[in-house]
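Below is one structure; the comments refer to it alone.
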Amino acid sequence: MAVKTYNAGVKDYRNTYWEPDYSVKDTDILAVFKITPQAGVDREEAAAAVAAESSTGTWTTVWTDLLTDLDYYKGRAYRIEDVPGDDTCFYAFIAYPIDLFEEGSVVNVFTSLVGNVFGFKAVRALRLEDVRFPIAYVKTCGGPPHGIQVERDIMNKYGRPLLGCTIKPKLGLSAKNYGRACYEGLRGGLDFTKDDENVNSQPFMRWRQRFDFVMEAIQKAEAETGERKGHYLNVTAPTPEEMYKRAEYAKEIGAPIIMHDYITGGFCANTGLANWCRDNGMLLHIHRAMHAVLDRNPHHGIHFRVLTKILRLSGGDHLHSGTVVGKLEGDREATLGWIDIMRDRFIKEDRSRGIFFDQDWGSMPGVMPVASGGIHVWHMPALVTIFGDDSVLQFGGGTLGHPWGNAAGAAANRVALEACVEARNRGVAIEKEGKAVLTEAAKHSPELKIAMETWKEIKFEFDTVDKLDVAHK
C-alpha cells in the first residue's frame, strides 16, 4: 500500500494562517491591513488569505511544503479589530518572520507585502495601514545619507525651520531664466530653491545647462548674503546610469544637495542613490510624486505613513509631507504622526495619530519633513507650530507670486518666519496670535505687508478625503 504523505486539494486558509494565540516576536515584521472582504468571506478566512498570499501560501496544497519548515516561514494573521464607523471592513494584524525578507531591501519587503495579494479575489479592497520594522531589520538598511543634524552643520543653519521655494512655472523656462529665478529667491532670503518633480531634461531646458545656471545663481547669492545656499537639482532620469551621471556632475560643480522622485524613480534606484550620497557628502531631497495614487483611497492602497517608513529605510534627508493648511491632502493628526515617523528615534503606538505599532529606529538618522503646496505668509504661524524647527517650509507660488517679484517674495517669507520663531521663543501662542505677530513684523517690512495684502483671502478649505478612524480603543 502506498504511503500518503500529504492531503492534496484546496484547504481553508484559516487552517494554516490564522493563529489568534500567536505571541509576536521582537524580530517579526508586523503589518496591519484594512480588509474589505468579498460577500460570503468571513473575517478570519480573509485575514488568513492575506497572510498566506503575502508570505508562503498559494491557492492549493503543494507537496513541496514538506521540503521546508512552513510553520517557521509563514505569515500569521493573529488579531482582528473593527474599523470604527465602518462595518464593511476590518483591521487584520499579520506577523512575518524576518527571514522572509532580504536584508536591506525595501524592494523585497514591498514585493511581498503589497504584491500579488492586492489582486486577490477573496478581498474587494485592501489597504496596508502600517508596518512595524524590528530593529534587527532596521540595522540592515542604510537609511538617510546624513540626517538632520549633519544637514544643519553642512548648511550652517540652526534654530529655525529652513526656507525653500519651488521654481514656477514648473515647466517651460529656459535654463538661464530658471537660474535667474533661483538667484532672485536666494538673495531675497531663501535657504533653498528647488526643481519641481517633473523637471528632468526636456527640450526647453536640458539638465546640464540647468545645473550650470543654478550653480552660478547659488554662488552669486552666497557671495552677496554671506549665507550658505542650495538648490535641489533633480537627478531623476530614465535609467540608473543616467541618474548617477547627473549626480556626479552635480558633485563636480559643487552642489550641496540633489533630488530624486523616489516612487516614480523606483525604490531600487533610490536606495542606490542614497548610498552614493552618503559616500559623496551630498544631501538628498526626496519628492513623493505619485504617492496619492497609492495612499489617497481610504480603503485600497498603501497609507502614506508606510511610504514614509519605507523612505526612511531606503534613504533620503528630506521628504515632502503635506502641509495640513495648504492645497494638498493631509489630516492634521495623521500628518503629525508621519512627521514623528520621519524624525524621531522611537515612536510609540498612538491610534489618535494613526500609528498602530511602536517603531524603534535605533541610531538611524531622521528625515526632515518638507511642507509644500499652496502655502503663503498667512500660513507661517500654523506651519511653525505644526512642523517645528527641524523642517523645510517651501513656498512656490507664495514666493514667486509676490507683486514685487521673487526677491521680495523671499524677503516677505523670511521676515514672517523669523518673526514667528522669535515670538514662539518668547512664549507666544503663535497659531492663535499669528495675525498680530505678522502685522507687527510687517510694520518694518514693506515686502511682508504687500504679501499679506495679496494673499489675505486665499484659503484651501476642502475636506480631507483620507481621514483617521478616530474611535480606536
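Quick reminder: no glycine exception, Cβ is built from N, Cα and C everywhere.
Together with N116, T166, K170, R288, H320, the substrate site in Swiss-Prot holds one more listed residue from S55, S363, S372, which is S372. The least crowded of the recorded positions K168, K194, R288, H320, judged by other CB atoms within 10 A of its own CB, is K168. Sequence-distant contacts of D196 (Mg(2+) binding site), defined as residues of its own chain at least six apart whose C-beta falls under 8 angstroms from its C-beta, comprise T166, I167, K168, K170, L171, N234, G396. H287 (active site, proton acceptor) has a Cβ environment of 28 other Cβ atoms inside 10 Å. When the recorded positions K194, E197, H287 are screened for a C-alpha within 10 angstroms of the C-alpha of H320 (substrate binding site), the residues that qualify, in sequence order, are H287. Summarising the environment of T166 (substrate binding site), the number of other Cβ atoms within 10 Å of its Cβ, over all protein chains shown, is 25. Of all the recorded positions in the list K194, E197, H287, the shortest Cα-Cα distance to N116 (substrate binding site) is found for H287. Comparing Cβ neighbour counts within 10 Å across the binding-site residues N116, S372, the minimum falls on N116.
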